[in-house]
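J.: Here TrEMBL flags 21-41, 47-67, 88-111, 162-187, 219-243, 255-275, 287-304, 310-330, 351-371, 377-397 as transmembrane segment. Residues or ranges marked as domain 'Major facilitator superfamily (MFS) profile' in TrEMBL: 220-407.
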Amino acid sequence: MFHNKERVMPLSFYRLWVGEGISALAGSWGTMANAWLVFHWTGSTTAIGTMWLFYFIPSLCIQWGLGPFLDRWDRARILTWCQWSRSAAFLIILGCLFFQWEAAGLLYLVAAWTGTIQALYTPTTQALLPALVSKEMLTRANARIDATFRVMNMAGPVLGGWAVAVAGAELNVAGVVMFYAFGGWLASGLPSIRGRKKEEQLSWKEAIREGIHFFSRDSLLICLTVLMAVIQWAVAVLLVLGLPYVTMELGHNTLAYGWFLAGYSSGYLLGSLGVSRWMRGQPLPAVMIGANVIGGLSFIGLALSPHLGWALVMEVMAGVCAPFFHVLSLRLFQERVPSPLMAQVFSLRVLVMRVVMPVGTVAAGWMGSAWGIRPALALTGGVVIMITLVGGGWLAAQWLRKSSDSS
């Protein structure tokens, strides 16, 4: 399969790839473990919501100012420290279980800590990858990591539920500890790479100003971020409306809702695995615009769907198309942003993605209550298509202008 040397990824990529998969598995598994323990110890669903706030809000608060530090430090060491510190946090929870201390407050602190660490981990991984693989391999490398991330996010709660049912919470938390520890060992073998040399390092304020200036004057990066933010907003809308859509509009039970969720995830996996192979000979802007438009059409298809089977087809279709925008836009960021600013710019990108999620959940609740679930889904799809066509048309024009200038 790998007779062509140009298709062989370096060993450092495999360390990063497996480590990213381990991190995603441990993250989804650990989230499930924390939620189960909070509910078991308090008996309150409100406590679970509070735990999510503890996970989400600290990461939003620090995401903005993290970039200069991520570009200044050794990126491999950051990943190692992230993995081992999360392992240590869950080791403390394991100690509480061993001594039978029901400390719900500790779970909130661990949730805040892991959310903060994730804000460090994600942009660092995205900034490190271009230094490990060639420019020609970036699409395939991003697709592999993205597909693995989705699979592990699905597998984590399943393994966690099995562990709780078979051996109780102790095995559940112990699994998270071991996976994070193993991920840290993998990251410790990555090459030492810094965004800036020590003699080139700026003050925090100067680095922030430089990163914002670079991001704000690159209209292509802004366009890609806006388009990605619209997709994230639509995903958040469906997260809220998905369950009442399946149970009330289609008249099925929660098992069918599980199949509904699996449809998008399965499609995303297929799209991630095929994105580098299906791109041959096709213009990049057309693929990205088409993927987002089809994603918007899938929402309209859900609004018109008469039964569950059609809804599942729409979700699989949306999942297959999604990585054709996400993976390719990530590659464009990695190609355009210089290494000294890469982690900071990716921090800004992740911040935008995180901010639009709660906006989408609020919008979904309001639209669902005011107009009904099906009209809300149709409106969401229309917004995605309209913004994609406007932003995508501009993107295609820039691409054509760049091609004509180079020729």
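Backbone N, Cα and C define each Cβ position, glycine as well.
Those TrEMBL annotations? Automatic predictions, nothing curated.
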J.: Kindly say whether the transmembrane segment (351-371) and the transmembrane segment (88-111) touch, using the definition of 3 or more Cβ pairs under 8 Å where each pair is 6 or more positions apart.
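T.: The transmembrane segment (88-111) and the transmembrane segment (351-371): touching, no.
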J.: Residue list, the transmembrane segment (377-397) vs rest of chain: Cβ under 8 Å, 6 or more residues beyond ends.
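T.: Result: 220, 223-224, 226-227, 230-231, 234, 237-238, 241, 245, 285-286, 288-289, 292-293, 295-304, 367, 371.
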J.: Cβ under 8 Å, sequence separation of at least 6 from the ends of the transmembrane segment (162-187): give me the contacting residues as numbers and ranges.
T.: 15-16, 18-19, 22-23, 25-26, 29-30, 32-33, 36-37, 40, 76, 79-84, 86-87, 90-91, 93-94, 97-98
J.: Excluding the flanking five residues on each side, which residues at least 6 beyond the ends of the transmembrane segment (255-275) place their CB within less than 8 Å of a CB in that stretch?
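T.: Sequence-remote neighbours of the transmembrane segment (255-275) are 139, 143-144, 146-147, 150-151, 153-154, 242-243, 246-247, 308, 311-313, 315-324, 327-328.
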J.: Note the mean pLDDT of the domain 'Major facilitator superfamily (MFS) profile' (220-407), expressed as a whole number.
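T.: Looking only at the domain 'Major facilitator superfamily (MFS) profile' (220-407), pLDDT averages out to 84.
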